[in-house]
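If you check TrEMBL, you get these features:
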type	residues	note
ACT_SITE	B:C85	active site, nucleophile
ACT_SITE	B:H194	active site
ACT_SITE	B:E196	active site
Amino acid sequence: MARVVVDVMPKPEILDPQGQAVANALPRLGFEGITAVRQGKHFELEVADDVDDATLAKIAETFLANPVIEDWTVRRVEA
Amino acid sequence: MRVGVVTFPGTLDDVDAQRAVRYADGEAVPLWHGDRDLKGVDAVIVPGGFSYGDYLRCGAIARFAPVMQEVVEAANKGMPVLGICNGFQILAEAHLLPGALTRNHKLHFVCRDQWLKVENNSTAWTGRYDLNAEILVPLKSGEGGYQADQTTLDELEGEGRVVFRYVGDNPNGSRNNIAGITNARGNVVGLMPHPEHAIDALTGPTDDGLGMFLSLLDLVGAGSLQGVGIGTEVKA
C-alpha cells in the first residue's frame, strides 16, 4: 500500500470567494502580513501497489477535480 | 407526453417538477437514480436539491449515477433534457453543458424571487416565450455562480446559447449574468432559477415558469421530438 495525495486548487483566474473571506478575516483576528489566501481540497488515498500513475491521474482529472475550474496535482508520499 | 423526473438521494424538487409537468398536461414519470432505465420517457427533467449531499462538488457524484448514463446517451441523441439548479450542476458535471457552477461570489445562500430575461426562445424548453420576455421565478442556491473560460463564453454568446440572463443585480457572480444556457442542438437546457416553483400564482410569485413545461409539450404537436433542429419548428 502507498499513500497518494491529491491536491485540488481553484484555477488562478477563477474567483475564490472562500479564500477571500479567509484573507479578509485574518486582519480582523489580529494577523497581519497575509496578502492573499486561496482555498482548495486535499485528498489522501491509500492505494494498492498495482495502481499506476495513469489511473491516479484519471481519478484526479475526472472525479476529484473539475478541470473547468480547478487544477490538480498527484503525488506519492511516505505513509 | 411522458416526462421523466429523476430522484437522487438528497433531491428536493422532484415533486414540484412532477407537478409542473402535470400542470402542462404531461405525464410525470418518476425515475430512480440507481436504475439504468428511462422507462420509455420522451424527455427528462433533472430537478433541484442536494444530490449526494453536495459532497465533493455539487453534481460531481450524481453525474456517475446509473440513470445519468442513460440520460447522457439519450440527450446526445436529441432527447429534451432540462436541468434545474442542482440539475444544472449535474448536467455541467456530466459535460452535457459547458462550464461549471461555483460558490456564490458573496458566499451567502441566495433565496429570492428573481427576474430573468429570455434570450433564446428556440430551445426545446423555451418556445412559448417571447424573445427578451422578462419572467419572475424563485432563485435559491448557494453555488450558482456560472463560470467558464473566455473561449466558451464567446462561443455561448456568439451562438445565442445564453437562454436566461439575470436582470438587475447579479445574484451570485455568474459571468455575463448568465442564469441558464443550452447545448448547440437546443435540446438540453440548464438554469439555476426554479421555473417549477412558479407555475401557479397561488403557490409561487407568478406562473411565468409554466411556459417551460408548456414549451416541451408543444413539441408533440410539432412532431419534432427526438429531432434535430427542434427549435426552428417550435414557434407557437
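Placement of Cβ uses the backbone N, Cα and C atoms for every residue, glycine included.
A quick note: this is a predicted structure, and the numbers were derived from the prediction, not measured.
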List of residues, in chain order, with Cβ under 8 A from that of B:H194 (active site) and at least 6 apart:
B:D13, B:D16, B:G48, B:I84, B:C85, B:V137, B:P138, B:L139, B:K140, B:G209
Sorted by position, what residues of the same chain at least six away from B:E196 (active site) have a C-beta under 8 A from it?
B:D13, B:D16, B:A17, B:R19, B:A20, B:I45, B:P47, B:I84, B:G209, B:F213
Within 10 angstroms of the C-beta of the residue listed as 'active site, nucleophile', what count of other C-beta atoms is obtained when all protein chains are considered?
29
